[in-house]
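Notes follow once the structure below has been shown.
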């Protein structure tokens, strides 16, 4: 049981994956309990099991599998995230569960599938089950069919899509397995229950026996339709309703039956047949043949083909034209019949696709109804009925209305009968008032026709209309009919049987049911208007009797109006009777009294009576008649008149006021409207009447009455009242035509008040109607037109006010009506209907059409000119244009592009002239415009797009999207057409409320465009993707990817995920339509009311903070990501789950409104949100930092947007954000940086300069808050991009980083990085090559010739390019001062070059030992499984990895013990690789420990320091640190900075820990600087930074606050003194001078400069002792640079004179100690004439009287040797040894020769023989030649350009001064190479470190002075070379006394020994 106890302790999720089945079983049991226990469906606990659920179901152990299935079922039922696992789990169930023998397993598998369906994943489940049907195992097939059957039985055909199931069914009937066939039979029976006879056609070809069996089963089925018994999570309300219905026993069977029947159309289940290619080849010749038999043959062939029930789409234009010609013109009626049957067959087979041709054939068929023969008529009826089903009644209305008053009664009769049949297929929604009204008017004429058959047909049509839309909707149009005719219509209505078998009438009790049923079919057509929105009201419960028919349909103007429209005028006696019943007798008597006071009293009584009267009892007509009694409206007393008018208003407001009553009083009111005293009351009364009888009617009456008078005052005031009333009532239903002529009259009036009022009214109308209003007045005089335009301009941009009246009785209905009328057209198009239009079809003669189609282009042009002239002359035309559309269509593909453009301009002209009537020409003429978008000429495409936009403005988008025409256009593989059309769709689709389902046809083409070869097409397709998705939905579009190839599918699905992220949750929100189109009238007004209120609410919400500071929330998120509880932010394109995760994380710490804005579909909302974030950045900085990771993640999503506006706003915010982070001293953590930096770098290769510039600026700022060395790997990856521009930008940026931060930024090692960079020198792209060369040159400037070693092997061509570039760069840049000022350095630290990268893995080379150590360390840390290779930097790895540290002391011990054994390798010509490896392994260990010193973790750093301290304290081991001193000091400096910037500011850290770390650092340094041999290795750059760090520490006030802080500062003081004493004196003096210069430039605290100067004074005090060990040339160069930056005058201007005094003292001391010889040490200063220094020194020397020191007697040797110059022999030997070292080193050879020359001058008796004896002849001649050249120079023979002048000093010169301005010739390199070969690899460093020079030479030949950190990584790579070898060789050749240990052994013995030791070390490491 030992094993058991082990797994028993594991957590549940690990048990579930255990290799022992019992452990898994136990895990599943516990998981099941856990899943049942978790209450929160969104608990993070579920996330742990996302990846395991598949394993639950695919469990190999049968016993455990059962439990696993139960647990999986519980998971799916309860977890919110379960949907993500659908595909893999159902696939697992199909393959691993359905084949199990245990019934329980299958049952659970089925339950799992059904549960997935319940959680809204039906499509995925169905797909997997259908895939399972292809499995070879029949058990699996049977189980899949059974599961599909159960799903259908429980969820119904709306959830389970039957089309794919029906398609695979016949195949299952052919199976060899009986079990499969039986199960297929059961499934077929289940499907039949739901779709009935729609299943028959697909199964007609199965085995006849099986079919017979099925028929028998089908007959047994109950006739009532099945009901859904299980519901989706989103259908819970439906479930409750269903249960309620069952409880009440509600019978809604018929309704549901109809719905389910509509769910699957048999047509959809059929395969389309292509017939065009099967037409007889001579068909078009035969159809034109003179013999009728030939024509008959042709037609019969077509008839046979057209009988196919479903036809493939294609260009049927020619075929339809031929058939149309036969129908219209053939004399043989048999052929007409045949042609009509063909048309019917084509229409039935093509359905909506035939809509294009419907407009052409319907007029011809209607005209042909003149035929009397029954078989012809029947064929024509079938044809027109079939054609009607392919289009809409609106499209055919004009053609039908045109024949309604034809002279031939047969045509009229058949047109009406056709309409009656057509109405049966309509619903309340598809038969709106706007269509019904003109038809009713035509029918009213026909009911009085002389021909009885015409009358009967009209009655039948009206009856059908009444049945479909309800009696109340039709009644307003039948006001003039007598009762007999009305009864006949009602009788017809009762007889009508609608297709669904409904028998509901237009009113009464049946009406309720009609209303309840209307909504479902109303949603099927694309034209969804206001009614569907209101459907819940009627279906919710039993509503009022009269309401349902009117509310959903929106047909009647108002309920009371229908009754009162028919109110007859009452006789005066009746009125008096009724008035007497409700008014006091005295009131009636005194009404016509002669005494005005009595009349006044009577009116007051009248008023009181009306105020108290009940609405139902008020006889309105009687009361107003009483008021009109003499004197009536001629009342002379204004008081009585005012009261009378007030009473009229009261009656209208309180009573049921009819138009009959209104017409009694209107005349009188209009007469008084201009009265000064009574006008106000008259207007009030008019408004009340408008409210009671509708404004449109009242307005028409008032205006016509006012203008039938001659009183201009009344006219003006009537117009003013109307203008005001329009604002109050809105514009709904206003019949502009009714009073437009009166307005024109008013405009021409002589009275200015009338003209002004008319113009004001037009201004108000313009608010609602817009620009089209002006069309009515284009003929007015220019002056008047200018006034109108001025008024319109005032109104520009204003929106009409929300209506405040008219809603009492008519609001809802009017609004519905208006929205319905204007759904596709705006108010502007509504007005277009009012314009007088001309029919131009007569003018389109056959000659004109022939001209337009002529072969000669000039004649074609003439024809087009004529057509344009006809349209222009007519101004406004009807939709009937004869043959012109076909003629124009032909010209759109004209070979002459000028004619194409002319045709487009004619089509644009047509759009304006025809207005909404254009809709019926969309298919014939509009679609060909789209074809022109594929033209290669941009100007033609521009014209085509302008024409397209003009058409869409008139027609709306619906017609364009219906059918497959648009998808056919996109099929053309024309990049121009595709990008134009997709751009157009992307612009238009978001503005639509609904779109036809046919848009789905375009999706396959859209997917093809996503992978188009043309980049623009791909981009446009990506832009269009979200707009398609908002209408079609993500699921539908994902399903459509099923037909793609696997590779394409993956790509497209990724793009869909990205598009989904920017898609709103409810894509078809009605608000979009409101935004897209200005719908007029009440609809617009009502909508207008809401936004202000919403705006106020938003403002209130936005006043609070936008970010919530949740303690430790960020840490928690980091922890969750590490534990893989959430998705790691790492993707190529953002998928939906990432966006959802970010939303969830943001919800806790972002304001709700801000989050809504950030994830809104509209990019403008993003811009607005970012604007708010910018405003709040400073005041909410803490909260911003706490949410920083989420903010940065959101911005990464925006980087994937294509919208430049958003991108620019994003970059603006990021610049401000990083500036704020820098101010707050915040540093990005790894989590934040990894989530953001890669995506920022993605944008650096952007094509727009302005974007690139901003990204570069952000990258520069990024380096302030995130180490440059960590940005470097991202940029390195960018160089691997396929985009050449990106590669170039990345390389440039890398160069800048290296230039600004030195070689230490190169990660993982400089050698590896540079090899990768150097590869690009051979790139095909010029810009990439140049960038790579520039980067390598930047490296050369930092580390000199060592660059050749780092870049590895290059081809000859690449190497020559590089050398040429390095030479050129040397020529171009004169060497600047060696020391760079702080300001210059800070500029370099922020490079502005662009950089770009894609997050990819770098190509791994064979890692060296150090890399292996790092990787081992990484693998040992389980909490970091996901660190990408880019971040395997030593520092980062060590910081996070503590498990390695504890093992290290042993490791170090092994290495040191091994290495301390002395090794001697005599006279080796080549370096053994084994030696390198041995050395490397030691170096690796030391490097590793040193790198840990800089760790961000205090304990890690302290442990590393302790190990190094242990080594430093033991003198015998301390030597191992040699060569690592700079590296160690740099790491220590980094730690000091980290403490200063981060740890000290972090309140959470214990200050004792920080003190302990400080103590360790200072202790280590004291140990180091107590050993002079090691201390002298410290380079000048490092010493400068060290002094800077130590002085900063001494001045840090925070240190004093720590306990024992004073003690710490004293220790630092001691350390500074130690550094000054023990370091190389030249280096430290040089470092202090540069530090002083920097501190004065950067205006650091005066205390800082003061302490630097104190150090300098101390150094000056030591000068007498140290002068001989100082390189004066370097010091003077530093002083020269100092004086260049701070000339004497500038120094004196400083606040303190101490710097000036310090400099003077230093120079004075130097002069005093060296005398006039100091002037010989100016050799390193390039242009001595410009230097103030020389002049100053000469003055000092002269002043001290030491000039005589120059006059030495050269001849007299004894006299030449002064006493103070005499030295011991040992001293002489040392000096000469040092000089020869310099001559032997390539860097300092000139300096060595100069010193040797001076030494010989000084000590002419010196013996050089011992030093030259062991060297080659070449070296000896080289020395002699050099001395001669110096002698000739000194004697003034002209300066000869020597080939060895590279006076570089240990990296103490700046990176740009590599050659000190002197050109290097190739000969120099040859000469040096020979020397080096002679001396067997001897190299030296220029640090003037007498004792350790050979070792330090390995560190760096030319490191940068700018910052010590520049050298760290260059050293790491150089340490691969063998230090010991050089020491041995050096010792042999230069008699250097540094190596005491030597031992002799043969080379082979040594090698064997080394190999053994190496093996031993390796085994120890492991």
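The backbone N, Cα and C atoms fix where each Cβ goes, and this holds for glycine too.
From the options 733-763, 764-794, 795-825, the stretch TrEMBL describes as region 'Disordered' is 795-825.
Here TrEMBL gives region 'Disordered' for one range in the set 999-1032, 1033-1066, 1067-1100: that range is 1067-1100. Looking at 242-262, 263-283, 284-304, 305-325, the range tied to region 'Disordered' in TrEMBL is 242-262. Against the domain 'TOG' (833-1065), stretch 268-505 shows more Cβ pairs under 8 Å than any other of 1-227, 268-505, 569-801, 1137-1375. Mean pLDDT of the predicted structure over the repeat 'HEAT' (439-477): 88.
Note: the repeat 'HEAT' (439-477) comprises 33 helix, 0 strand, 6 coil (DSSP; helix = H, G, I, strand = E, B).
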